[in-house]
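What follows is a short report on a single structure.
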Amino acid sequence: MLIHQRTLQNEISLTGIGLHTGHECTITFKPAPVNTGYIFVRTDINDCPEIPALIDHVVDVLRGTTIGIGDVKVHTTEHVLAALYGLQIDNCRIELSGPEPPVLDGSSNPFAEALLSAGIAEQDEPKNYLVIDETIEFHNPEKSVDIVALPLDGFRMTVMVDYKNPALGSQHSGLFDLDKEFLREFSPCRTFCFLSEVEAMANQGIIKGADIDNAIVIVDKQLDETEVQTLADKVGVDASHLVLGQNGILNNRELRFSNEPARHKLLDLLGDLALLGMPVKAQILAXRPGHASNVEFVKQLKKYADRNKLARQYQHEKKAGVIFDINAIQNILPHRYPFLLIDKIVEFKLDEKIVSIKNVTMNEPFFQGHFPGNPIMPGVLIIEAMAQTGGIMMLNGKENIKESVVFFMGIDKARFRKPVLPGDTLVIEAVMTNMRRTVCQFDAKAYVRGELVCEASLMATVMEKKN
């Protein structure tokens, strides 16, 4: 894979109609400095507001991915972003004279060809790859969607679609080399829908810019003349221009590839993956993906990336099975011996869950008085260990971590199930249940040899230290 970041040599523009809004728009791709990423700019609005193409800015996923900040939005970003991501361009300023990029032929190819004609320039800064070193999974059982990222020193993507619709059936496609395959094998693949969906989408106020030249319509139902006329009126075309066809595609249009729908789903996933803000080294397997599931999957990748960033910041020596060792913990928490009551963090999902380990030894100072001849770890110190575990989850991500401290506001439903003795290993799991600004609630449980020994619900807040 490429080493250095890339941008454009020159700017280039394209003009056309937006797929869903139907508004005419000119899109202009411009070079951008290193570490800029992709930034959409609405030049048709006063002050030309900018919207970075990042997953946190996704506001809608109805038949496309829409990003926005406040009232300013950019619709259907996926084909543009797929072209940039597929050509491995890292930094680009994307100016729009309307709310939606032009659909053109319904694929990414016109954008990709335009970007190549503008020229690609290598930059001095190295690419910031997200390297996947563990399995990351997204599942939606209700929609039978599964997307998985696996460790790989490179990039591959495989997509399977199965609409349980005899007009399309099951298809799959795989991309194994961006350099060799993206431009010719995937960028030309057009957006598609089923004939049975067209009227409903028109009633939703979308596909205003769609026509038979920029979308594949798969015929999955037969229509009589009256129904054809009704459909034509809905989508604003002449009924004489609609032919159900003999090949299963409206107007007998030919597919560019036998599995073009599956390839287009892969293209959409590439475009949504670009919202991560960095290229990925991984093998990605996706069954029945769509924009909603793509976005949720990328959110999981972002949490993984944020966690890794924090781990690199505090954990200077990589250790198998350890996210933060005792040295990293002391860089995060202000506690010190004898009141630092956790030894390492072994699992960490940002803003979701954290698991710590506390090795309980006879050398603990509290065993001298609790109790002589019958040493038992005080329950309040188990609660404190839970609190410190949750505190790490709360403090991570704070830029001024050295100037922050966690204060506890409440302890509820505390239960002590079994005594903790010298030689035991406490495994403490804290799961965030609510986060509002600086106040966090989480449920904590402590285990010894797989048995629950203590549990409690805790509430805490992050505040700045007072001098």
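Yeah, the Cβs are placed from backbone N, Cα and C, and that goes for glycine too.
Going through HIS79, HIS139, HIS172, HIS370 against Swiss-Prot, the one listed in the Zn(2+) site together with HIS264, ASP268 turns out to be HIS79. Most buried of the recorded positions HIS264, HIS291, judged by other Cβ atoms within 10 Å, is HIS264.
For the binding-site residues HIS79, ASP268, the greatest number of Cβ atoms within 10 Å around a candidate Cβ is found at HIS79. For the recorded site, HIS264 (Zn(2+) binding site), the DSSP three-state label reads helix. Taking all protein chains in view, 14 other C-beta atoms sit within 10 angstroms of the C-beta of HIS370 (active site). HIS291 (active site, proton donor) is 57 Å away from HIS370 (active site) when you measure Cα to Cα.
Looking at HIS79 (Zn(2+) binding site) and HIS291 (active site, proton donor), their Cα atoms lie 12 Å from each other.
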